[in-house]
């Protein structure tokens, strides 16, 4: 009985041991949850951190304009007699463009000259009459004075000789004297006659008629000059040098000052006109070089700011700016749309990184840095300046480090990465520290070696 009981106990013990060994074996063979869920590897692209100058492009729209653009109008109405140019011709200032019929103008010149001759004749006649009037008045004054002296000094009637009195004074002195001695009243009247003769002389010396005749001559001379000037206007000449455009006149056509005959355009040094707002002015100065891009030709030109207006436009409140193209070509045309590109330096010799490399969380801006090309470090940075494409970093990064620029949205600190672009981190740049081997690891390695030998 005792023996059976012992056998039963031994059997139970063996079964228990087998159960424990089996469970232990299953526990060792089953993988842990952490081993089953391996850490993901994120595909990314990297770039090396470098320093540079942060600049921003200021783009302003404008239009190509001619350096000079002048319409040519005839100075008088007339019929086109001859044409000397055509569209596309290049002319110099003073070149003859066309001629108008001058028949009517020549008739006007002849008429003006005839008027001048008549005015000159009237002037000569007035001068001659003036001379005669003065001489006559002087003679009469002398004779009147002589008679006055004779009356004043007469002692008897016989001293007065009326035969010496001129015919125009006979009646006066005859009525004064009669046959008696001259009285004091007679002498006073004779004195009055002298004064009247003096006044007549002064009137004769007046030049009013001559001045009027001279004025008529001057007016006639001006009429001749105006008529001759009209004749010069019958020949239309170029006021400036340039290329002939919009010329449609034909021989026999009537033209007038109300409509331009043609346009003269100077495109040797075309300008681009833009309107700058108040905020743009600090970035603009006369003499500054800028880039001008013509979208229709897909062509860039160098330009120089020549003029910045002191006054804004009345409507737009923007300031007109003129930019001269330094080396233009013949393809440019007036009115073509242009885009002026102005570089404005914001920061120089600072670490620059693209904006797509930066993330933000809780008012902190950070990037992901990799030192070994296998995992990343989340690093907070401080940004000093920025543009639409670049950040200038004040602190948090050093030149020569590598940051993630694409694939950052799924990253976290210590995340594993797989670099997909051609940039490779050099082996010497990977800092690998050798970890010292502990005594326990050496014992385990030795034990494993012994078991292998067995």
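Heads up, the Cβ atoms here are built off N, Cα and C, so glycines get one too.
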Note to self: Between the candidate ranges 11-54, 55-98, 187-230, where does TrEMBL place the coiled coil annotation?
What the structure shows: 187-230
Note to self: Over the span of the coiled coil (187-230), how high is the average pLDDT in this prediction?
What the structure shows: 72
Check: Reported in the order helix, strand, coil, what are the DSSP residue counts of the domain 'YknX-like C-terminal permuted SH3-like' (353-415)?
Finding: 3 helix, 34 strand, 26 coil
